[in-house]
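These features come from TrEMBL:
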type	residues	note
TRANSMEM	90-111	transmembrane segment
DOMAIN	98-367	domain 'ABC transmembrane type-1'
TRANSMEM	131-148	transmembrane segment
TRANSMEM	212-245	transmembrane segment
TRANSMEM	310-334	transmembrane segment
TRANSMEM	340-358	transmembrane segment
DOMAIN	395-624	domain 'ABC transporter'
TRANSMEM	674-696	transmembrane segment
DOMAIN	681-977	domain 'ABC transmembrane type-1'
TRANSMEM	738-759	transmembrane segment
TRANSMEM	810-829	transmembrane segment
TRANSMEM	835-854	transmembrane segment
TRANSMEM	919-942	transmembrane segment
TRANSMEM	948-969	transmembrane segment
DOMAIN	1010-1238	domain 'ABC transporter'
Amino acid sequence: MNSSNDYGIEQLHPRYTANCLSRLTFFYTLNIFKKIYKKAIKEDGLHQIPDSFKSQKLGQELERIINSDIKIHNNLSLYRVLWKFIGIKYLFIGIMQLIARSISVITIPFYVGKLVSYFVPAQTRITKQEAIIHASLVIGLNIFNYFYLHNYLLLISALSIKVRAAFCSVIYRKSLKLSPASLLKTPPGKITTLIQKDVRTVQEMVRLANDVWIGLVQALIVCACVYWKIGVAAVVGCGTFLAILPLQILIGKKASSYRTQIGRSSDERLQLTKEIFAAIEIIKMYTWEIIFGRKVEEARRKELQSITKLFTVKVVLLLLGAMTSKIAFFFLFVTYLWTGNYVAAESIYFILSAFQKLRQSFTVIIPRGISQAAELTSSLKRIQDLLISEETASIEKKNSFSNQPKIRIENTNVTGDVLLRHTVEISEPSLIILTGPNGSGKTTLLNVILGNISLPNKKVLTYGSVSYAPQEPWVFPSTIRQNILFGEVLDLVRYEKVLTVCSLRQDIDRFPEHDRTLIGDKGLNLSKGQRARISLARAIYRSSDIYLLDDCLASLDARVQNEIFRNCIKNFLGDKICIFASYSSKYINFANRVFQINELGELKETEHLKYLEDIKYDATLENVAEETIQSNIANISDSGEEVPLLDKKLEKKGNVYAEVHKSGRVNAKYYGQYIAYGGRLLFGIVVILFGATQLLKSYTDKVISVWVTVEQNKSLTRPTRNKTQIANYDEAHDSMSIQFSILISLTTALSVLTALGFFSFTTKSSKTIHAKMLSSLLRAKMAFFENTHLGNVLNRFSKDLTVIDEEYPFVVYEFIELLMTTCGIIVLITLTQPLLLIPEIVLFLLLCIIRHFYLPTGRNFQRLDSATRSSLTGYLNSSLDGLSIIKASNAGDLVSSEFDKYQDVNTSASYTSECCIRAFGFILDMICCLFTTIVIVNFFVYRSDVTVGDIGLAITQSMMLTGLFQYGVRMWADLENKMTSTERALEYTEIDTEDFKGQILNEWPKLGKIQYDNVSVLNHSGEAILRNVSFDIKPGEKIGIIGRTGAGKTTLVSALYRLKDIEGTVLIDDVDIKELNIKFLRKNIGIIPQDPVLFTGTVRYNIDPKGLFPDSELWEILHKLELATSLKSLDQFVAENGSNLSYGEKQLLCLCRILLNAYKILVLDEATSSTGGNTDKIISGIITNKFEKSTVLIIAHKLETILKLDRVMVIDNGEVIEFDKPEILMNNSNSLFYTMVKSSGIS
């Protein structure tokens, strides 16, 4: 066992250092309560969990069982897997619980009956001494029950937490192995749902399953005892309980279908949410917030419809159990009397006490178990579908350097994209250029070599280790250094060389913390060029035999492209096999071999012409002085050890996904908002209905007490043969029967009405909270998304919303019902003996004090659980985005290990929370047991004229009150703990949003004139990323904007769209953009953004999501961009982020959006970075013709394009360095533009 883990959690959990007595009484939690009462703790204040709870160990064990089950049975059954994983231990714990509960169920009602018999007038069978013994046994058995119960519940909770950790680990491991085809069926959003919701269902069933079968066995035992006590009448009463079981099972099956529907709707909603907020910048630029918001709301509407149906069947299950106990007692009592039996108080209160036990089983445990079992079936099916999904092809890879690296591709057809008619073998260190037009299959072929796409009969063999740099760069939230090392050992010399050959040294020196600078979610605080170079550096740093580079230089300016190609690809990788895929032919002259994929998808090796393009370079690796590298090495801290994905300095602060923690009680305003969103009037009506229902229930219990007294007196009168008294009792008997029947009917009807009204209220509140949260986030400033991880946002839309939707309503419902029931019982007990009001008040005050002491701990751990789960979700989503790199780097074990560490932190929070909950419940039970003792002693001391019916009622109700009080106080605490999810959701309704006020002008802009006057833009830390920029652009001008990656080009455009807060003035047609409505401004400026973003849906939806244009216009644009041949239909499916399309195709689809509109101002941000020569000509022609009179800003790294424009703006370090006509700048040999053009090799 380690002494510490990677997240600063060092102290072993106190339960595992406590002695036996401390464990039994939960005394070890006292220090936790004291510590948190003084000050809330954060992740680093949690305790280290023992090895038996470690996610990695549990995941490996569960994975082994799954693989074994598939091997033995040729299919997978997660029921069998669960049995093998925890079955024996779970069953043993259950049998021990059955024994303990059977003792409690049989003996406590027996001794309660004996105790009540002592108070029957004129009885002589039981002496006072025997009655005291019976009372002592009732109290002692309750104390034994509480000691055992809470330790049992902790054992079950621990087991359920282990199951959750194991399943989360296995699901994550499996997701890293999924093939591209499987990922289309199971996108990241669905995987998130599986971990957040479905695994939670499995966990809850583990908590409950033992109680269900034990409850059924207990019911049979109780029925047998009742039959032994009163004979055949028991058949009617117990039969009533058993008769509802088939109905409950039938309803449970219906609940299962609704749970499946909820799962599908949740997947859809969460997937949409993920896509929207991953591309929120694009959505804001296109003013698509309302369109996408409506799509999410539609998915939400379907989800809430299914939730409402699920609530309805759950309510039916709940009420069936709740009312059955009273109906069963009524039938039993009447049958018992009709068969000629006399009522004995001992028998009646034995039955009432026994039925109280049955009521718990049939009211709570069995209905919840049936409902949970129905949900479990659905959840296990969804998890099982993932676990049997197709994995990435297992191709032959040998990482040993003793074998000669080699790639062998036999004649084959690759998924209909690439056709190879001859066998290709690459075995010598060489630079291979793979070229071809957009969408020809270059990326597909690289994925085949990587093993991401399976081929029959091992048509592709790869010998040696592989590194991969994708076309779309992937970075994850951590430091720049960790993104490059990616778990590799830090070799200072190699690390510095990699920074140099990837042209990163200058950028890193600019950052305040250099390579310790933290990268934000999806690299939002970096330019695309910087992300591309970090992604390339990661691939290059890893010492491999084979390097696959998928057009990873496309987003860089020409000078940096040439530097990296010469220094990195040509020289640094000169002794390796390097396949460089590119649409461009500019590097062909420097290749050892060239493979081309033509428009028909045929792969052929071609002879390349020498000096096809004579590229000149102004920097080579040989020119980099060794002393420069060594001096830079001196600035890097020594390591030499394997480095985890999270930087140690960051870990001391907390993990990179950590959220700001709130402390203290949940603000009362959130309760007010929750009620307001559900409807204050409806809430008031529901509370009144709760009170009326409880009034009827309490009166029904009083009627039973009176009825028992009447029947007891009637049986005592019969020997005297007093006909008048007997007639009076017969009349009272008939009256009681009618009253009871009416009361049961009214109570049932009112309970149904109350439940339906309440869940209508909570559903409306949930709907409004989601709508307001979504609306607020869609209107939020971009600064919020730059500082908030996507995983944290998704966690509030998944786990927190699940709590609000499905858990919090039942917590509130049960709490209100418990509150009303408790008040009713207190009134009943007080009516039997007014003196008992004093201990009732003392008990209540004592429980309030204990709750006050517990609540800070409960809240703290609830928030910690949510926060650590946010970290887990954030890491999950971030790593799934980089799946291709993880697979290529064989980093599955590395990222799985990091995931397991996040899971372990969450497990620590969950388990410690469970320990504290059990300690809280234990002390509450013991105090309530003291109250029962006081009630019993009271009747020994102050019996006065209390009837036997009232005494029996008071004792049974006080025992019931014991459970209700402790459960009610726990629910009271849980009410606030669960409210933290509502608090977290409503926090997102309070974030800073964009100001949508402002002018809306007619026919604006008319000219397209742009003026920047002393404009500056600051980042979230206050550092200027655009400095005092001033320039004028004339109407209709075509302006080229160039500069080194990270120079500030994209920020310049962001200022035009008001995506960032700006200082200074930006005028369009002499109108200050700050005075305009922000949506009006954005929809009048066209843009093709730097990153091509597509959404899950159809081609039509991605081009024209508003549905404004006819099919004919859409096809016209597709034909012009030569996409009509590769896209067969406007209804063709587009996967998340266009993963089933090539990068070039994605860029062209994004271009289609702009060509459908006539903009006076158009921005192209690297719109043609991955398109070929012919496509470039088509795009240039369309823009020239369609936007001839428009002002066009073109950010480009292709200087050939820039040279044809009216003027060129050169930006460096956030400032405009040069701005003039290209021919004028070219005539100035001292200009930066002149240097860039010359270094690019353009004549």
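Quick reminder: no glycine exception, Cβ is built from N, Cα and C everywhere.
Remember, TrEMBL labels are computer predictions, not curated facts.
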Residues of the parent chain within Cβ reach of the transmembrane segment (131-148), under 8 Å, 6 or more residues beyond its termini: 24-25, 100-101, 103-104, 107-108, 111-112, 114-115, 118, 922, 925-926, 929, 932-933, 936-937, 940, 959, 962
Per Cβ pairs under 8 Å, the stretch of 310-334, 674-696, 810-829, 919-942 packing most closely against the transmembrane segment (212-245): 310-334
Range from 674-696, 738-759, 810-829, 919-942 with the greatest count of C-beta pairs under 8 A to the transmembrane segment (310-334): 738-759
Stretch-level contact, the transmembrane segment (674-696) and the transmembrane segment (810-829), CB cutoff 8 A, at least 3 pairs: yes
Cβ-Cβ under 8 Å with the transmembrane segment (738-759): same-chain residues at least 6 beyond its ends: 308, 311-312, 315, 318-319, 322-323, 326-327, 330, 682, 685-686, 689-690, 692-693, 696-697, 699-700, 703-704, 707, 809, 812-813, 816
Close approaches to the transmembrane segment (919-942) from elsewhere in its chain (Cβ under 8 angstroms; 6 or more beyond its ends): 25-26, 29, 33, 115, 119, 128, 131-132, 135, 138-139, 142-143, 146-147, 149-150, 153, 829, 833, 835-836, 839-840, 843, 846-847, 850, 854, 858, 951, 954-955, 958-959, 961-963, 965-966, 969-970, 973
Averaged pLDDT score, the domain 'ABC transporter' (1010-1238): 83
